[in-house]
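Can you keep this structure in mind? I'll have questions shortly.
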Amino acid sequence: MLLQFRAKTFFNNIAQDSLVTLITKRVGLGYRFLSSLCQPKNTALDSEGYKILFQTAAKSGSVVLGKLAHGHMIKSSLNPCLYLLNNLLNMYCKCRELGFARQLFDRMPERNIISFNSLISGYTQMGFYEQAMELFLEAREANLKLDKFTYAGALGFCGERCDLDLGELLHGLVVVNGLSQQVFLINVLIDMYSKCGKLDQAMSLFDRCDERDQVSWNSLISGYVRVGAAEEPLNLLAKMHRDGLNLTTYALGSVLKACCINLNEGFIEKGMAIHCYTAKLGMEFDIVVRTALLDMYAKNGSLKEAIKLFSLMPSKNVVTYNAMISGFLQMDEITDEASSEAFKLFMDMQRRGLEPSPSTFSVVLKACSAAKTLEYGRQIHALICKNNFQSDEFIGSALIELYALMGSTEDGMQCFASTSKQDIASWTSMIDCHVQNEQLESAFDLFRQLFSSHIRPEEYTVSLMMSACADFAALSSGEQIQGYAIKSGIDAFTSVKTSSISMYAKSGNMPLANQVFIEVQNPDVATYSAMISSLAQHGSANEALNIFESMKTHGIKPNQQAFLGVLIACCHGGLVTQGLKYFQCMKNDYRINPNEKHFTCLVDLLGRTGRLSDAENLILSSGFQDHPVTWRALLSSCRVYKDSVIGKRVAERLMELEPEASGSYVLLHNIYNDSGVNSSAEEVRELMRDRGVKKEPALSWIVIGNQTHSFAVADLSHPSSQMIYTMLETMDNVDFVDYTLVHFCSVT
């Protein structure tokens, strides 16, 4: 009370111009002081005074000061002019109070282009691009003279939605209205074209700009990083430095991210050189640079360097903890140890009194997914609800991914429905949830709903759907999605082209898959891996190995998926020596720990060439003795070579691991049957009957239109089964005539 009394007494005795000056300097003295500032009965402010208050609140982000000043203005009975109302509107937008801003905007008796620009800018900064676009159209219909800020909001919508057609139309309007030389707008256009994957147009604008600033460079660099380019961002940073421009933390962070794209020694060395340069400039501890450095070292598997950077930081906040936790989860194959370290960091930051952010929960949920710990994930979910973050779109996406991995699509749908802002990330996660659980029709339904909700699919959504089409042999649907990708410009993204390679290869069209591979301008390790695996599956072992060697020649470091493709190629080609060599190379030269798939492939390779004992010893010496898939690969080879001795041992081990799975019993029965040991084969049948094990029928499926039809032997469950069997019976009764003879008779 004493502070409030002294403040009132003091303010009542000073002139208005001095009062405004003091207001500007004393914003941070606390809520009671602000209340005293705005409420003295004998203090009158005119429009200029209120303008200073609103501008100060906007600059400092103090919505409390802004609201107090707004309330004081209402009580003063001042009739605000349009200029003052625009300052008030701008204050609410800058303070992210868009609800108040919209109410004020709707009630303003008069509005000009500045009014529209303030709210458009507020919407775009908060990610509400559709509302910004609606305001742009409203301003145009009102015949207001649109300026660079108005167009910037609309172009931001085009970039975020990857709407190239609309973006090019707006670009044309910018040129027609004489705004094409505005550096601010050129930067926005560069950013828009970059986000739409049209780097050639972005570069053309950049080259024609006579007054490039740091934002121009940053926009182009981040654009190349976004589409997966690695060399171009480094070249641009070097040119930026040669031109005498100060390197921004944003540019350095983007280029460090580029060094992570192709995880090869050359780029990592360049990243380390940039690290040294940032240390020289004193920027090493900048949060953007530090986060990018942690990410680079973690993705390269240099967790020791990342931990060292983290431990040397003089002060740690939520962002640095998030970066370090993410570092443990960046590997191709997240180990239980890495997940455990991520959990430890999460608990450590809480012990230090740091409140987890939505980003923290997102990465911790990723650790739960990697460790497949649904129960711990549910506990984290409860903590998220306690912190009132359950409606956050990023957390919603992470929860959907967790429940998808656990096969719980219903829980995933509930998380999706409770997300406050269903953006492209949450839509993509929900689609992925259905794809992972082999619900292709539901995935397509969601993809169509995505379009009807006026949200443009991004490159990851498109590549995900194309991969799903490849897995389910739905080539027609995949080609439709690729057509959309080409039309929207998304096909320029490396991830989309990679999915195209897999889709065409799985549909049997290797020439087209190879053509797409050749067209990729900046193939990454995923692109090479897709091509290697495709060639391997088609039996082109030598070609697959040539692609692998070419990848290494281009300086791209192989990952687990690339080596898996190589081992599959060796397996299908019977190249035992090469397969063993690459397996050792993966472990010793690249320090990549083989996973279950690698061991299974090597077991299959040894088994196919009759080295059954070696294959059995390999499983026993690995850490995958309890993994049925690996044993099943060996059991299949035992049947090929009619080895009932090893086959019996392997089958008994499988029966221990999967007592209710029929496959092991059937394979062992067939081994005995093929070996002529009929009595043992009958014993296996008796064992199946005693244990109540039934053979599951094999299924085939076909996609017609957007519907998947599955069939089993003697299946009567299909709604058109009667018609199908009638047609089959009719075809059986048809006497087929030699086509050549019929054709000859018709010609003569």
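For all residues, glycine too, the Cβ spot is worked out from N, Cα and C.
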Per Swiss-Prot, which of 551-581, 582-612, 706-736 is region 'Type E(+) motif'?
706-736
On the DSSP side of things, how many residues of the repeat 'PPR 6' (213-247) fall into helix, strand and coil, could you say?
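Per DSSP, the residues of the repeat 'PPR 6' (213-247) fall into 25 helix, 0 strand, 10 coil.
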Report, as numbers and ranges, every residue of the chain located at least six residues beyond the repeat 'PPR 8' (286-316) whose Cβ falls under 8 Å of a Cβ in that stretch; write 'none' if there are none.
249-250, 252-254, 256-257, 259-260, 263, 268, 271, 275, 278, 323-324, 326-328, 330-331, 349, 352, 354, 591
Using a Cβ cut-off under 8 Å, which residues of the same chain at least 6 positions beyond either end of the repeat 'PPR 5' (182-212) come close to it?
148, 151-152, 155-156, 158-160, 162-164, 167, 171, 174, 219-220, 222-224, 226-227, 229, 232, 459, 488-493
Going by DSSP assignments with H, G and I as helix and E and B as strand, what are the residue counts for the repeat 'PPR 8' (286-316)?
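Residue counts in helix, strand and coil order: 23 helix, 0 strand, 8 coil.
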Which value does the mean pLDDT take for the repeat 'PPR 3' (112-146) in this predicted structure?
89
